[in-house]
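According to Swiss-Prot, the features are:
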- 77, 176: substrate binding site (BINDING)
- 94, 105, 233: divalent metal cation 1 binding site (BINDING)
- 105, 169, 202, 233: divalent metal cation 2 binding site (BINDING)
């Protein structure tokens, strides 16, 4: 069910979004060769608690940790483990939090240390730019298929691919709400966005095939050909004349 948020609800989501943005900035500053993934998870959980929020990932459908850390060919939903980041790793972090039961969700990808392959940098840049291009067009009346087509066309112009099985989504009192927003589509098709909706746009991009597979842990999603991946996401309010990003972080 699609929900329209009132001003009180929007304010709570803005608080969650700002705490999340600051928590992700903390993680960006920590990502260096030699850092343990468990330390990143612990630092984020402590940060959001200190700032009046709760985790919305931990125990969600049985997920055991507070953030998702996906490395290199891992696209999404990587479980933080006793693993040390290496120089040149492509690291994606997807995280969320709740303030008084209202959710926010965001993700970023960066290279740990120095990129070993220039194409990895291009992949990351293209994925973030695809998100920015989609956000620039958000306003009441735009249709979900148009959003997906913007992302797909930009990504595929660089000969990268967008997986078909994982999408953006609405968000509010639940982490995942209607509408679901694929990273591909046909312009002028699908549900129209309305003022007061809050959605998550999240381009997930693979350097090779669009196909994916799930690891034995039943959570971690890989590119089927083990090509490098990237993922960016923001929680976004649809306003009267456009949109407002609730999880914007400083570069």
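Cβ from N, Cα, C; glycine included.
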Cα of residue 233 (divalent metal cation 1 binding site) to Cα of residue 77 (substrate binding site), in Å and rounded, measures 13
How big is the Cα-to-Cα gap, in Å, between residue 176 (substrate binding site) and residue 105 (divalent metal cation 1 binding site)? 10
Which ones, of the binding-site residues 94, 105, 169, 202, have a Cα no more than 10 Å from the Cα of residue 77 (substrate binding site)? 94
Length of the line joining the Cα atoms of residue 202 (divalent metal cation 2 binding site) and residue 105 (divalent metal cation 1 binding site), in Å: 10
Quick one, of the binding-site residues 77, 169, 176, which Cβ has the fewest other Cβ within 10 Å? 176
Least surrounded among the binding-site residues, given as 105, 233, when other CB atoms within 10 Å are counted: 233
Under a criterion of Cβ-Cβ distance under 8 Å and sequence separation of at least 6, what residues of the same chain contact residue 94 (divalent metal cation 1 binding site)? 67, 68, 70, 76, 77, 105, 106, 107, 231, 233
Not counting 94, 105, 233, residues with a CB within 8 A of the CB centroid of the divalent metal cation 1 site are 95, 96, 106, 107, 200, 202, 231, 235
Note the Cβ centroid of 105, 169, 202, 233, the recorded divalent metal cation 2 site, then list each other residue of that chain whose Cβ lies within 8 Å of it, in sequence. 94, 106, 107, 168, 171, 200, 201, 234, 235
With every protein chain in view, how many other Cβ atoms are within 10 Å of the Cβ of residue 202 (divalent metal cation 2 binding site)? 25
Mapped DSSP class for residue 169 (divalent metal cation 2 binding site), helix or strand or coil: strand
